[in-house]
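K.L.:
Straight out of TrEMBL:
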type	residues	note
REGION	1-168	region 'Disordered'
COMPBIAS	83-94	compositional bias 'Acidic residues'
COMPBIAS	98-108	compositional bias 'Polar residues'
COMPBIAS	122-136	compositional bias 'Acidic residues'
DOMAIN	174-218	domain 'RING-type'
TRANSMEM	344-370	transmembrane segment
TRANSMEM	409-436	transmembrane segment
REGION	485-516	region 'Disordered'
COMPBIAS	501-515	compositional bias 'Low complexity'
């Protein structure tokens, strides 16, 4: 209609403004219009923006007589997608051709740009917002997250850690119910996995119903027992997370019942705990070097003092009051027992190697080890703070190392010569074992016991090593036993004497009372007569 005004702002000023922005919109629609030509491809961003603006700002309009003209496609373009194109009413544009016919329909982007009058800055901001919305779509779609698609805003490290944790937890199933939904623990002794609900129900049955202190693994085929720390961890009254599975009062009661059936409550004076895992151990006579039996601990500790130790040599010295027991010394002679158990053919073949070991390897080792230890200590002292030494410090360190080397060689020469004596002793011991093995008398076990008795006799005779301390302790124990025995004998003899004295006095009292009764009876008879 020639006389009708446009409703997008109406007037010439509005038309002039739309002509300025029209070219920019046409360029962008040409550049990005190819994306909307595929029927099932991604949407055109400009058409999206136009649709949004049209739906928000412009209500649906009808032409006069409610007649609509079907839209025409751009020249040279294929069929546009249904989502990217809008129906356009030629009559509501208010423009006609010079010859009285209506002009070709404009694109939806141009139509909405004329009505809304956007600027170039607003168009760029809108496009950036559309890009941001598309980037956020995968993170807001729960179906994609469930199907395993990656979130763009999620860091890959967290995702990899989550996958590793899920993979690790997925492989650990409860040995009782085969579930992976509950919290699970790995048992210390056997390594089997059990969930917390199954473990608590199992402990409840074993403690309350069966009343057993030594509880086996929940897995039927496993014969190992539950570690005491696992039981204490499951029944911990200070752990609030366990309240979801069992009330705190019930756990306290189960712990009380379990401790009631345990042996450490009955004999707390003769037990000691491992310094790390707190496992309970009773004392074995002659064994002061204890190793924890817990597979996850394996701590060596001293029984008299209870401190953790490394090698026995570093703790059981004359400067310490702790001493090895006789069973510990027997264990130290295990290489001797191994030599006795070895077949005689292997001993004969290994005799040349034993000679080289005693007369060549040991002296050379001592000769090299002494200067090396001195030089290493000097190097550690110099590089204790930093490894970057100045030239002056390097020169001083070189001088110290040279002096340590010369001093170590001078000290190592007499020590290496003295090691030949110990080598002679070792070789003679090897030869004696070989001779004993060649004799047909007795089996290997008896031979070992006899050799061990000889070693004990020699140690006691010459008080070699800790045998002197052991003998002193044994003598003290014997003296204390004799004193106790004498005290018991004295007390028993005194008791007998007191019993005799009390018996004689009681007999005298009885005799006097009987005589008084007889006199009384005689007097009564005389009165009657």
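Keep in mind that glycine also has a Cβ here, set from the backbone N, Cα and C atoms.
Because TrEMBL annotations are produced automatically, they should be read as predictions rather than curated entries.
Tell me about the surroundings of these features in the structure.
P.N.:
Per DSSP, the secondary structure of the domain 'RING-type' (174-218) breaks down as 15 helix, 7 strand, 23 coil.
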K.L.:
For the domain 'RING-type' (174-218), find every same-chain residue at least 6 residues outside the stretch whose CB is under 8 Å from a CB in it, and list them.
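P.N.:
Beyond its ends, the domain 'RING-type' (174-218) has Cβ neighbours at 224-227, 229-231, 233-235, 241-242, 245-246, 250, 254, 257-258, 261-263, 294-296.
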K.L.:
On average, what pLDDT score does this prediction assign to the domain 'RING-type' (174-218)?
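P.N.:
83, rounded to a whole number.
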